[in-house]
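Annotated features in TrEMBL:
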type: BINDING; residues: 137, 139, 140, 144, 380, 412, 478, 481, 482; note: Na(+) binding site
type: COMPBIAS; residues: 24-42; note: compositional bias 'Basic and acidic residues'
type: COMPBIAS; residues: 59-77; note: compositional bias 'Polar residues'
type: COMPBIAS; residues: 78-90; note: compositional bias 'Low complexity'
type: DISULFID; residues: 243-252; note: disulfide bond
type: REGION; residues: 1-42; note: region 'Disordered'
type: REGION; residues: 56-102; note: region 'Disordered'
type: TRANSMEM; residues: 129-148; note: transmembrane segment
type: TRANSMEM; residues: 160-182; note: transmembrane segment
type: TRANSMEM; residues: 203-231; note: transmembrane segment
type: TRANSMEM; residues: 294-312; note: transmembrane segment
type: TRANSMEM; residues: 324-350; note: transmembrane segment
type: TRANSMEM; residues: 370-394; note: transmembrane segment
type: TRANSMEM; residues: 406-431; note: transmembrane segment
type: TRANSMEM; residues: 451-478; note: transmembrane segment
type: TRANSMEM; residues: 509-533; note: transmembrane segment
type: TRANSMEM; residues: 539-560; note: transmembrane segment
type: TRANSMEM; residues: 567-588; note: transmembrane segment
type: TRANSMEM; residues: 604-626; note: transmembrane segment
């Protein structure tokens, strides 16, 4: 650290009987003492009573009071000539903006050094709203648009809201609040925070970073698909609205509301489905995961553009990303409102709304409904990914994170509910146009719901080009917010853990991280890339993240906010998470994509990917115990004892005291 930062505000007291020559000599001596101080290598820790004793013997008759209690006056530089106020006390600027005060004391000449912090000041949010929009942008992602509506109607419609709200109140929100509080309290990312909680569990932080990388490998590919759609939308006729394109097959049939002569069979496909599968994904050129095929250069360029936006949005830290989210976090709400109004005016929209909200109370007797509710609220709010810890660590210490947790989590849940209306008004319109039931139209979940069903509905609307552009632009912005947050969680964690190496090289580190994410995503850009995306989505994040959060809840119980939160953290949240984990292990999902059923060996591969991140936890435990000194009992005791925060240390340097 620059030695100039170790120079403290000093005060030089002179005898009132000194002449101007003596004062000049005193200033010269003071400058010599400054030069000696700059050459000192160590720093002395003084007891607090030093600061208490000095004010008792150093008094001033006039001047302004500063933080150390001593008086100051006008001179601003030690090299200025004597002033008329020198005899009664004065100040001179010291290194790095410090001050030296001239205070009269009988026959004494003392250099007193004031305490200061040697820690690098931590970056903070420019505005409180930057933080709130960043958290909302992270929590509100693509899953709110495509997963919640599908899960809701599949599990009893309006009846599903009961388990969803219960899981939110007793599981999701307490976990959300816990991470915000811990990040703000310790001002640390997901790795270094563990030295203040339980050092032996630092492997959890490394596991979170690996999980974030896995997410970056596949999540941004979905935005690349959306960008491909966006670029294809700048045409008078949308390419997925007709069957006359080079990629279409003989089975392609287009539903037109005014054309009742269209014959639809089980082998028929819509132009929107063929555009998605045969033109964008080109999945027909890959037989499965065992043979992915070549990389699609169109998608590779789209993904490169996405990562370029990501890099220039986060390379400078939360100061830049906090400004970008003013657009990326608010624009989707404007588009959702426009699409809701448009969807409500379509014929058959009411059929979709009724299907979405009509309660089926009998389904609440099924454990599957409660499992889906717990999983949905957990992945929607997003604790365990290190993002909330990172964002909250840039808040002021006394920020009201309790209020922030309630506001942002409520906005997230309401957005999911609103997205259901946006989706199902259009699905009702599709059912009306096809003369089918809504459940026959809403059979697809995940990206297919957006890129096939909703895209087809848009192509049949008036002003289809306009609605297509704003819809896919909304998808891109929803994804960008989550990518900013996920990578910022990794960046903050690594910079806090290795500050001397990375803090001054943040831009280079962010560039390297983005390059790693792009290279890791190349497998998802192949002809069989959609199979890889599905595999990562099912296995790479879910079980590992839930297990990580379970450990967080068990270990992070060092302070006592309120009875409700303590009960949730100690009892309800662990049960909530165990319930999801056991359900996942007892009823593993049947993974398939379109007509492709994943073979048994892919299940083994999926579990290996999931374990590869979580293995960091026991691996670091072993490393920590081996590298520590002392007997095994001493090493174990040290490994579970929190280390003191450097912010609580007082660093005082004394260069001269006479």
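Note that the numbers count up from 1, one per residue, in the order the chain is shown.
Including glycine, each Cβ sits where the backbone N, Cα and C put it.
A Cβ within 8 Å of the Cβ centre of 137, 139, 140, 144, 380, 412, 478, 481, 482, the residues given for Na(+), is found for these other residues of the same chain: 136, 138, 141, 143, 382, 415.
Tertiary proximity for the transmembrane segment (567-588) is limited to same-chain residues at least six positions away from its ends with a CB under 8 Å from its CB atoms, namely 167, 170-171, 174-175, 178, 367-368, 370-371, 374-375, 378, 542-543, 546-547, 549-550, 553-554, 556-557, 603. Only residues 6 or more beyond the boundaries of the transmembrane segment (509-533), in the same chain, are considered here, and those with a CB under 8 A from a CB of the stretch are 213, 216-218, 220-222, 224, 281-283, 285-289, 291-296, 299-300, 303-304, 307, 310-311, 314-315, 487, 490-491, 494-495, 502, 593, 596, 598. In sequence order, 329, 332, 411, 412, 415, 478, 481 constitute the residues six or more apart from residue 140 (Na(+) binding site) in its chain with CB-CB distances below 8 Å. Local packing around the recorded positions 243, 252, 478 was summarised as the count of other Cβ atoms within 10 Å of each Cβ; on this measure the leading residue is 478.
Taking Cβ pairs closer than 8 Å, the transmembrane segment (129-148) reaches residues 180, 222, 318, 321-323, 325-326, 328-330, 332, 376, 379-382, 387-388, 391, 394-395, 404, 407-409, 411-412, 415-417, 419-420, 422-423, 445-447, 449-450, 475, 478-479, 481-482, 484-486 in its own chain, all 6 or more past its ends. Here the transmembrane segment (203-231) does not lie next to the transmembrane segment (160-182) in space: the count of CB pairs under 8 Å, restricted to residues six or more apart, is fewer than 3. Contact between the transmembrane segment (406-431) and the transmembrane segment (160-182) is supported by 3 or more Cβ pairs under 8 Å, counting only residues 6 or more apart in sequence. Of the candidate ranges 160-182, 294-312, 451-478, 451-478 has the most C-beta pairs within less than 8 angstroms of the transmembrane segment (324-350).
Cα-Cα distance from residue 243 (disulfide bond) to residue 482 (Na(+) binding site): 35 Å (rounded to the nearest whole number). Tertiary neighbourhood of the transmembrane segment (160-182): same-chain residues 135, 151-152, 193, 197, 363-364, 369-370, 372-374, 376-378, 380-384, 388-389, 391-392, 401-402, 404-406, 408-409, 413, 417, 549, 552-553, 556, 559, 561, 565, 568-569, 572-573, 576-577, selected by CB-CB distance under 8 Å and a gap of 6+ residues from either end. Looking at residue 252 (disulfide bond) and residue 137 (Na(+) binding site), their Cα atoms lie 38 Å from each other. A C-beta separation below 8 Å, combined with a sequence spacing of at least six in one chain, links residue 380 (Na(+) binding site) to 139, 143, 144, 148, 172, 412, 413, 416.
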